[in-house]
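Student: Let me give you the structure first, and then I'll get to my questions.
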Amino acid sequence: MARRGAAVAEEPLLPSSGIVGIGPIEGINWRTWLVQVFCFALTTSVLFITLVTASLPQTGYPCFYGSLVDYTQKNHSVVDGVWMRQIAGGVAPTLFLETTSLVAFLYYTTLVLVAISFYLIISAVLVRRYARGKECTAVAGCTRPTTTLIASHVTLVLGTLATWLLQVVILLLSHKQAVLGAAVYVVHFVSLVFFCMSFSGLGTASAQYSSNLRILKTNLPALHKMAGPGRAVMTNLGMGMLGISLPILSLMLGIILANSFHITLWQTVTVAVGVFVALGLMFLIIVELIVSHYVHVLVGPALAVLVASSTLAVATHSYFVHFHAMVSVQAPNLATASKAIVGIMAVISIIMLVVRLVRAIMFHKKRNTEFYGRVKTVSSKARRYANKVRGPRRNPQPLNVAESRGMLLAEDSETDAEEPIYDVVSEEFETEYYDDPQRVPERSHRREYR
């Protein structure tokens, strides 16, 4: 029986060795989880089909969802810097992403949701396979805790809701219902936030999450690949999906304000840029303080915010070019201030990316993990290969005996310094990694890297 670690206050999610098989409660939970996985996969498939068909002019959709605003038409609505006055009788277009950017972001979101559905299907197949095999004898009732480590029931419900709402947004934008589509997108974003956070943390503490993964790796290593490294990849993709949704949300709020209140053109731009910066900073802080405890190598959020900032900067530049006269009258410094703020946001995302990578390396180096050992091995091999390729180019002429002997000594010392030094695991890591002192590990104390 696995003993409780000093840092874990809860009982392990995975039960210890005992009765073999699945009880009635676990059976109901397993079938319900399968139905939810099927519904999520079906919803993502329908979303992908809807997105593809809405992109083709031959399918019968009245409009293209990506062309939400048109800056080419002459504006007749601005009189003394005020929108929608009865004297003018027109509507000025609001700031929004360019067509290619919006289409790319929606396709990325859809493909990530499809990838998560494939991840869940593969995990369900593996769970069913090992639940009926001899491997299940090591963990009593392994179906229920393993599915909880893949995705909880609440996570699947939130994911299905977010996917369906995104499909509704695409249909509304295809019929040019911009305000209603923007309102639905706000609800979609809220559900997407809860889905990504629930998928990342599984509703448990980070210490308990790590303990469950260690127990799962000991008893069911095949499923550990899905619950451990597989979830890390899906978490990076999911957080990236959430990051690129930030500019769309901020601009959707601008559309709602512009079509609901009597405001000027510069105010909608200010609201959109301000909301994006505020949500972007909050997103990066939450990822660094909370999500990074579950997945340490987490580069998706910072990269997503960087891409989102660049895309929003391009959109604002194009907007100010088309409406330079009106913006210069209402707010002369708006263009410069908006570009500077978005640029600062991009720089902050780069800084947070570097901070996350440094902290991840320090974490794995301190614990002498397999990940850090493999990274050192790959980097040393790449450096030796680069030196081998560049060596003949730096010394095209034959060397004398002294120079040859000096180069050989330097090469030997460099090679010795680059050999991985993390093959032997420290006693502290052995105590932390293996909770059961009576279990004899199959491996020796020296790690093997493939």
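Positions of Cβ are set from backbone N, Cα and C atoms, glycine also.
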Student: Based on Swiss-Prot, are L220 and L357 on matching sides of the membrane?
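Tutor: Judging by the topology that Swiss-Prot records, the two residues are on the same membrane side.
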Student: Summarise the model's confidence over the topological domain 'Intravirion' (123-153) as a mean pLDDT value.
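Tutor: The average pLDDT of the model in the topological domain 'Intravirion' (123-153) works out to 67.
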Student: Between the transmembrane segment (237-257) and the transmembrane segment (295-315), are there three or more C-beta pairs closer than 8 Å, counting only pairs 6 or more apart along the chain?
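Tutor: With 3 or more qualifying Cβ pairs, these stretches touch.
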Student: Which residues, given as numbers and ranges, are at least 6 beyond the ends of the transmembrane segment (102-122) yet have a Cβ under 8 Å from it?
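Tutor: Distal contacts: 37, 40-41, 44-45, 47-48, 51, 55, 65-66, 68, 96, 150-151, 156, 159, 162-163, 166, 170, 199, 226, 230, 234, 237-238, 240-241, 244-245, 248, 311.
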Student: Verify whether three or more Cβ pairs under 8 angstroms connect the transmembrane segment (154-174) with the transmembrane segment (335-355), leaving out any pair fewer than 6 apart in sequence.
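Tutor: Counting Cβ pairs under 8 Å, fewer than 3, so no.
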Student: Sort the residues of the topological domain 'Virion surface' (258-270) into helix, strand and coil with DSSP and give the three counts.
Tutor: 7 helix, 0 strand, 6 coil
Student: What are the DSSP helix/strand/coil residue counts across the topological domain 'Virion surface' (316-334)?
Tutor: 15 helix, 0 strand, 4 coil
